[in-house]
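Note sheet for the following structure.
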Amino acid sequence: MNAPLGGIWPWLPLLLTWLTPEVSSSWWYMRATGGSSRVMCDNVPGLVSRQRQLCHRHPDVMRAIGLGVAEWTAECQHQFRQHRWNCNTLDRDHSLFGRVLLRSSRESAFVYAVSSAGVVFAITRACSQGELKSCSCDPKKKGTAKDSKGNFDWGGCSDNIDYGIKFARAFVDAKERKGKDARALMNLHNNRAGRKAVKRFLKQECKCHGVSGSCTLRTCWLAMADFRKTGDYLWRKYNGAIQVVMNQDGTGFTVANKRFKKPTKNDLVYFENSPDYCIRDRDAGSLGTAGRVCNLTSRGMDSCEVMCCGRGYDTSHVTRMTKCECKFHWCCAVRCQDCLEALDVHTCKAPKSVDWAAPT
């Protein structure tokens, strides 16, 4: 019994490194890094050489990406607001989400997709606002074109989403492309699904010109929809995410359950089932649901029964200031009174184990 273990022991650290996936998107930490571009590029942990090259070469793009982190994390938290895992971030952790994303779960699939989408959105918006040296409005949208309503002229500033997608692919995917393992392929797939989701909601907007708005002439441009549309779409993909396994040659996926269809480029994929997130678990990165607010009248994921994992809940009586007796005044204002409202707040009980609140 001891001989095989003795032979394996020197290689154990390497084996553990290979078996344990790494939370590779260290660029997520860019939201917390200030200072000059050189300071930022050299102090974000975990960036690969290609990412550092792009960081030094395009500091204005990096600033846009860093500002965008707050936007897509807020979107993630909005989508998961009624779930046991609520996309909570850890300020002192360079992976931003802690160990929870080490598992190749549905939640990891969503976070990689929405973060990749957030980079596309942030860069494309910065291009249109004239904040970047390397891009501007879409140069291809010039001259005359035709749609179902007739001819129109390209004008205004069409969002240059192709540039946003190209840069996001080069920067976000750089670290995954260095890996050959299953998790890297999963991340690449979900990153691409996120980028495609933003382009899906690119819409044509037009302005009419002519006597009394007769629309004898139209000027049109392409504009991204609000990021909430992308978030809602990816949330639907999260709920329909497809569990996969690596194929035999290690180059792609097959569905884990043969009854399900093969995933498309728009679908999210994952390998491992999620933990229940009921209790604090250091290894799983779960903070648990003790102290979370629950909805006593709901039958959904935010219900006290589901959110509290059957542990029960505490009720506290609180008062809050709200707007009331609002009236419309001509013209054009709405005036309200400040009123105190009494309500009950229900929060999940802690597990009976004495160590549930130990810091992670």
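Keep in mind that glycine also has a Cβ here, set from the backbone N, Cα and C atoms.
Here Swiss-Prot flags CYS76-CYS87, CYS127-CYS135, CYS137-CYS157, CYS206-CYS220, CYS208-CYS215, CYS278-CYS309, CYS294-CYS304, CYS308-CYS348, CYS324-CYS339, CYS326-CYS336, CYS331-CYS332 as disulfide bond. Residues or ranges marked as N-linked glycosylation site by Swiss-Prot: ASN295. The O-palmitoleoyl serine feature in Swiss-Prot is assigned to SER212; the stated evidence is similarity to another entry. What Swiss-Prot lists as signal peptide is 1-25, and the listing cites sequence analysis.
By the criterion of other Cβ atoms within 10 Å of the residue's own Cβ, the least surrounded of the disulfide-bonded residues CYS135, CYS220 is CYS220. Residues within less than 8 Å, Cβ to Cβ, of CYS215 (disulfide bond) and separated from it by at least 6 positions along the same chain comprise CYS208, HIS209. For CYS348 (disulfide bond), the spatially nearest entry among the disulfide-bonded residues CYS87, CYS137, CYS278, CYS326 is CYS278, judged by CA separation. Of the listed disulfide-bonded residues, namely CYS87, CYS206, CYS278, CYS308, CYS331, the sparsest Cβ surroundings within 10 Å are found at CYS331. The disulfide-bonded residues shown are CYS87, CYS278, CYS309, CYS336; of these, the one with its CA atom nearest the CA of CYS324 (disulfide bond) is CYS336. When the recorded positions CYS127, CYS135, CYS157, ASN295, CYS332 are screened for a C-alpha within 10 angstroms of the C-alpha of CYS220 (disulfide bond), the residues that qualify, in sequence order, are CYS157. There are 20 other CB atoms within 10 A of the CB of CYS294 (disulfide bond), with all protein chains counted. The CA atom of CYS308 (disulfide bond) is located 49 Å away from the CA atom of CYS331 (disulfide bond). Straight-line distance linking the Cα atoms of CYS76 (disulfide bond) and CYS331 (disulfide bond), rounded to a whole number, equals 39 Å. Rounded to a whole number, the C-alpha distance linking CYS137 (disulfide bond) with ASN295 (N-linked glycosylation site) is 46 angstrom. For CYS332 (disulfide bond) paired with CYS135 (disulfide bond), the C-alpha to C-alpha distance reads 41 Å. By neighbour count, meaning other C-beta atoms within 10 Å, the densest spot among the disulfide-bonded residues CYS76, CYS304, CYS326 is CYS76. Within 10 Å of the C-beta of CYS324 (disulfide bond) we count 11 further C-beta atoms, all protein chains included.
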